[in-house]
There are 2 protein chains.
Amino acid sequence: MLKRYLPILAWLPHYNRRLCGADLLAGLIVTIMVIPQSLAYALLAGLPAVVGLYASILPLAAYALLGTSRTLAVGPVAIIALMTGAALSGVAPPGSPAYLEAALVLSLLSGAMLAVMGVLRMGFFANFLSHPVIGGFLSASGLLIAISQLSHLLGVDASGYTAFALLTSLSRHLPTLHWPTLAVGAGSLMFLVAVRRWGQPALRAIGLPRGLAALIARAGPVFAVIATTALSAWLDLAEHGVAVVGTIPGGLPPLTLPGFDGPLWRQLLVPALLISVVGFVESISMAQMLAAKRRERISPNQELIGLGGANLLAAVSGGMPVTGGLSRTVINFESGARTPMAGLFAALGIGLVTLALTPLLAHLPVATLAATITVAILTLVDVPLIRRTWRYSRSDFSAMALTMALTLGEGVEAGIIGGVLLSIMLFLYRTSRPHSAVVGRIPGTEHFRSVTRHDTETVSHLALLRIDESLYFANARYLEDTLYALVASRPELEHVVLICSAVNLIDASALESLDAINARLKDSRVTLHLAEVKGPVMDQLKKSSFLDDLAGRVFLSTYSAWSELSRPSS
Amino acid sequence: MLKRYLPILAWLPHYNRRLCGADLLAGLIVTIMVIPQSLAYALLAGLPAVVGLYASILPLAAYALLGTSRTLAVGPVAIIALMTGAALSGVAPPGSPAYLEAALVLSLLSGAMLAVMGVLRMGFFANFLSHPVIGGFLSASGLLIAISQLSHLLGVDASGYTAFALLTSLSRHLPTLHWPTLAVGAGSLMFLVAVRRWGQPALRAIGLPRGLAALIARAGPVFAVIATTALSAWLDLAEHGVAVVGTIPGGLPPLTLPGFDGPLWRQLLVPALLISVVGFVESISMAQMLAAKRRERISPNQELIGLGGANLLAAVSGGMPVTGGLSRTVINFESGARTPMAGLFAALGIGLVTLALTPLLAHLPVATLAATITVAILTLVDVPLIRRTWRYSRSDFSAMALTMALTLGEGVEAGIIGGVLLSIMLFLYRTSRPHSAVVGRIPGTEHFRSVTRHDTETVSHLALLRIDESLYFANARYLEDTLYALVASRPELEHVVLICSAVNLIDASALESLDAINARLKDSRVTLHLAEVKGPVMDQLKKSSFLDDLAGRVFLSTYSAWSELSRPSS
């Protein structure tokens, strides 16, 4: 029991020096690698850069204690930062103390929601986000983030959380283009693209082993940060109008506790829910992928608790909403992390950096961070997925297209909500017309098949109708329509047998419909019977008066209904 | 084709004097009977009483031409009037010209939506309203309407569209109780209850035939209106402070055309949609019930067009949103209407009354109309249905309870939307954990059954998993969890066969999950195979690259998979 809620108890007793060595190295590498992105994603959310560091310390440690993935690394990620910025910009002016406070509230609410969902075992909630919706959302968000970074790369002012707002704001400010900033931004961008594309092959060509080559190639952002910070300090670029990160307060994360503010909390409820669900879906997909590589097990509900704990700790240590980050997790995994202890080491490392090394970051140009974000984020724009979905199913594609259009045009919340609602509606529509078939007897046997596809024996006063779907509210009315059409089209009909072999559920709506069908067929002097009703369905029907009111009988098999009813009535 | 959109062409050619006589009588009776309720429901919506008459003329005629039910009578109904009032009170002060104009806009929007849904064959939209939600909504609305009529019966001011607002307003104004109004109201109420309960048996006891007795008993409101109007005129009750209907402008309905007003239209979009869907569901249930009694056919999509036309005509003739009304339809049916011509006669009759007899209604006390509404509406409160749903299914009951609580506490729109969302979520939850079973071979046969329920033959390196549900976004993740758990629990596993005999659909989410499962199993050195994939599902899978990437094979039968894979691997 305790092991379920504290997965650390599963591996700590077997911890040894070999594991420790591997984890220590991975923790060190992660510490160095995640600093640029932590700073960048805080800026993306409109928060001071140091908040990104704060959010990478205690939350990372919390997940290491509570999460079930051995290698997942938690911290600020791009999509969540974008959603955070969009949510906060609605409640407070960026840069104000209220904005910072709201970020803590958002983390707190999101953490509480995740933890509660985990304890109540409500991980299924994430199922509402279908793959086409999440895929469309990630692609559109990637584009949106890339557009939002253009202003930092060009050194102009621009703000907004829709593609339209960003682009109009950008074009209005374009005349104020700042050439030195553009030089730093474009330089970093080209360097990062080059490293990403040719870094690994080049390093392997000069003889480095595959693992090390991959690792160094991944360190592109670190080199970019070091190089441009040095350049910026040397040329005093800030004096020449290049935006820099500026003085970051040193020291450990502050202890924060967001106060209760009813209206603010209510405004942030929906954003917090969406951030929770999107973060969870992203995180668990990654965790499952990595766990499968080592045949480990992920518990979705415990993952909710782990991510919930991480966000709650973000709220009390001056952070921002966090989740499992793709790049930091891959770095951790590929650096050879074996247990969550690697995460604890990384948390310690980032803590030390925050304590001691932040003064060095004062000259870091914002344009470098923008370039880092842009290069990382464009991998989210998944054109092959879009094309694949289009080819596979128009219905799924339409949910994806709506999500993308709304995300770009109306913002991240509208995108997700619209996409989820459409995909649910499309699914209900698909199941609202269940396959059904009028069946007849294969002569001389006890088998019954569709009359349209086989040569069957039928009698005009008896109809056998097989329904190939559970009966519930979305198709209850269709069932009525089908039966009334059947009865209206065959005036000589006296008996209808509903074959329920494929019916796993009859909900209250379908029950009302069956009641109505029974009564109305009686009015038309037709008797309704059932056949092959499954045990659990029968048990539930017994809780209603339907079986008492049923004009006809419940037959165990279609054949027994046939034997009984196919003889001409007296 | 023309016949489909103009059902009148189906019966008009065969029209004869006998049918005409029956229809004429029914039309006359309907004319007399529906006047009190038409006035009452207009007042319920906060509109002048005469609007209810206007809405009973052209809309009734439009439905008679376009609708597929032979006997449905269209006009103002209680629920729709309540929803109209709730919607309008949000956009304009009651009694103002803007309020009247908004009522027309609401009819126009609702008519346009219904007509468009009909032309696009989107009647399935109504399926989203499950029976428990609509049942809970009707019961709660009935209560809400009854509470709202208390103020008219007591002669005090009270307003609001939630139970809480109404009751607090009522209790605050209770000291201003007006005794003469209470006398009229309570008198009418007791009369109507007595007629409803004992009228028909009493009339039959004195020898009247069943049909006539029922008809006269139904005419209770007409007698109450005549008696209290006469009393009011005689004693000049208006002078003594009893609220009366007042001078109603005579003449035919005015020609109206609501102007376009963007913000107003946008505000009324959601209310119009809800009014359309609720009105449609109410109307079609009734139409199907009556059609079944005479083995006639209703076309749901043509019904949408008929109701759409009715509301569009309500918008241009000074009316309010309308739908098929229970009591006016039952009166029409029981008075012997045979074709929609009865509706045309009734429209003509109500037109004549509006033209000539409205001055007589000036003295009609509002309390009489309130009593009429109260008695009619309390039949909507369906306690047995609530009890039945509780007994049948807790899940369905919770959707019903939420609908009722929200309707009473937050208003009609919140009630419907909340109920619909909850019932959809509950359904998705139910199907998000499909039944699945690891199966084994019944020794010596080609049959495979669940290993937990039967003595079966299995081999440790092969797992056969049968999934009993279509695979879609709500259960895609569950499928992944199930398979990963299976693989993690059996370290010696080499092959997993997914038996798809019950899978009717694989959507893009489930496809991504299968892709992920295939890849991750490969990472765990386990091969995924499929078996018994249905034809249409196979066709769709061929549109993706899944079958090319699949590590294993697609077997036609479980047995062929078993024969191939159960031998120990080399």
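Using the three backbone atoms N, Cα and C, a Cβ is placed for every residue, glycine included.
TrEMBL does not curate its annotations; it predicts them automatically.
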Checking A:132-156, A:457-481 against TrEMBL, the stretch recorded as transmembrane segment is A:132-156
Students should find that the transmembrane segment stretch in TrEMBL, chosen from A:2-20, A:21-39, is A:21-39
Before we move on, state whether the transmembrane segment (A:304-322) and the transmembrane segment (A:132-156) share at least 3 Cβ pairs under 8 Å, counting only pairs 6 or more apart in sequence. no
Practice problem: Could you check if the transmembrane segment (A:132-156) is in contact with the transmembrane segment (A:176-195), meaning 3+ Cβ pairs under 8 Å among residue pairs at least 6 apart in sequence? | Solution: yes
Long-range CB partners for the transmembrane segment (A:342-362) (under 8 A, at least six residues beyond its ends), listed in sequence order, are 22-24, 26-28, 30-32, 34-35, 38-39, 49-50, 53-54, 56-58, 60-61, 63-64, 71-74, 229, 244-253, 332, 335
Across the domain 'STAS' (A:452-570), DSSP yields 52 helix, 21 strand, 46 coil
Among A:176-195, A:215-235, A:268-292, the most Cβ pairs under 8 Å with the transmembrane segment (A:399-429) come from A:268-292
- Task: Examine the transmembrane segment (A:73-92) against the transmembrane segment (A:21-39) and state whether at least 3 Cβ pairs sit under 8 A, considering only residue pairs 6 or more apart.
- Result: yes
Rounded mean pLDDT within the domain 'STAS' (A:452-570) lands at 87
Listed stretches A:45-66, A:98-120, A:176-195, A:215-235, A:268-292 vs the transmembrane segment (A:21-39), most Cβ pairs under 8 Å: range A:215-235
If one takes Cβ-Cβ under 8 Å and requires six or more residues beyond its ends, the residues near the transmembrane segment (A:176-195) are 152-157, 217, 220-221, 223-224, 227-228, 231-232, 237, 240-243, 365, 367-368, 370-372, 374-375
